[in-house]
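The next block holds one structure in the form of structure tokens; read it before the comments.
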């Protein structure tokens, strides 16, 4: 076995059972990994210097193929309603089969860190079959100083072999694709998929399991901080504007996707960004667009034209086109990945029913309710002519990555909000003047104006009304914003149609929250939409 690159000589791949490998390349940097990926035909060089790869059959995550080892340590710690179990015996069989499959291969290893806060950092070794995967994860996680690699010891190891196919009968899984996490041993096995995001989200899942035991809140959110040290957290599901709205030229970006919140403040889990690229434009998102013209950026499933220039409007491979780049490719990104205690929490939703106001102030109890609900709406099946919006509830704004019961995260959040006196807002980036198909998308200028007022504190002194359906406080007037847009009912041509639509959405919230009722106290149950209305 030939071993190349900088590494801890006493901690090679043989220590975790690999044998008879061809070449192992440790901690190669971008130029070397470009050479490898191009030599092996894994990717193409774009006209502007990025590396572009295709993932084949899997162009997104495979949540139904994700498993957690159920053992004595995890048995009563995991939310099994939301996580599929694999037995220790099946996991061990899978591990042995993957090690056997790797014999004769050349592999790539990156020694990286998840978590910018040293006290809560997770040293992570990622072993990949593909060179472009090695560059991807090197971009996404935190890269330790080169001198630290000689003594690096991982607490988590990820083995990603896309050419390995799982056997449902032998491994106790659903199909050939598998993402199996042994949280007790700190080992993740990925096979049968080339989608690189599985590696990133596996680190997130492990941190989401470990950190609550240390009273640290893991969050699927973006974060930024103003010149006065006023940190803001942006929760939101895909497509609600997390990345776009946290990229503010007047504020320092901490990170765009995964963070922890401890008694010291907020810290990024990552050292890079994984941004959606579909319909990316220089005019709308200049900083993110600029990264596509940088050496070192990895593009995933982006279509290239005959000149090897990316066509970001082409979704023929998938709508989920992505770009992965180091955080320092963004001009105003934090160098430390840390920030003081948050002053503001923004919960983003894209309400396609056109019912929610563009902004509302939440009590701590309402914040926990909406955090556990994790609501947004998407337009379902438009290609078949179906234009009815579809409600999506993803608890904690990231259900697929939350191994513990949502109430654990919700209670942590409620305590941190109360302890730090954080102001919470619900921001609707969805539809106004009617539902999807009738109304129009909330103007980004309106959203940015309202966000600016929320972040600088001026919105706190506005006059508020109590929303009749949802019970939260809605500003009546905000400088620079048309008063009418603040009251969604007044933007509809038919007020009674609005009332009926609002009632439908309230009922959806209540039905979804039923599973959490026994896990929260009365004050959170009383924060449910419609409860104030019902009491009157």
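Just so you know, glycine gets a Cβ as well, placed from its N, Cα and C.
From the candidate list 54, 61, 448, 465, the residue Swiss-Prot records in the substrate site shared with 195, 201, 322 is 61.
Take the Mn(2+) site that Swiss-Prot assigns to 201, 220: the candidate from 160, 257, 263 listed for it is 257. Counting other C-beta atoms within 10 Å of each candidate's C-beta, the binding-site residues 238, 240, 244 are led by 240. A sphere of 10 angstroms centred on the C-beta of residue 257 (Mn(2+) binding site) encloses 24 other C-beta atoms. In this structure the C-alpha atoms belonging to residue 242 (ATP binding site) and residue 257 (Mn(2+) binding site) are separated by 8 Å.
Those residues of the chain, other than 201, 220, 257, with a C-beta within 8 angstroms of the mean position of the Mn(2+) site C-beta atoms are 200, 204, 258, 398, 401. Taking the C-alpha positions, the distance from residue 240 (ATP binding site) to residue 61 (substrate binding site) comes to 19 Å. Measuring Cα to Cα from residue 220 (Mn(2+) binding site), the binding-site residues that fall within 10 Å are 236, out of 195, 236, 244.
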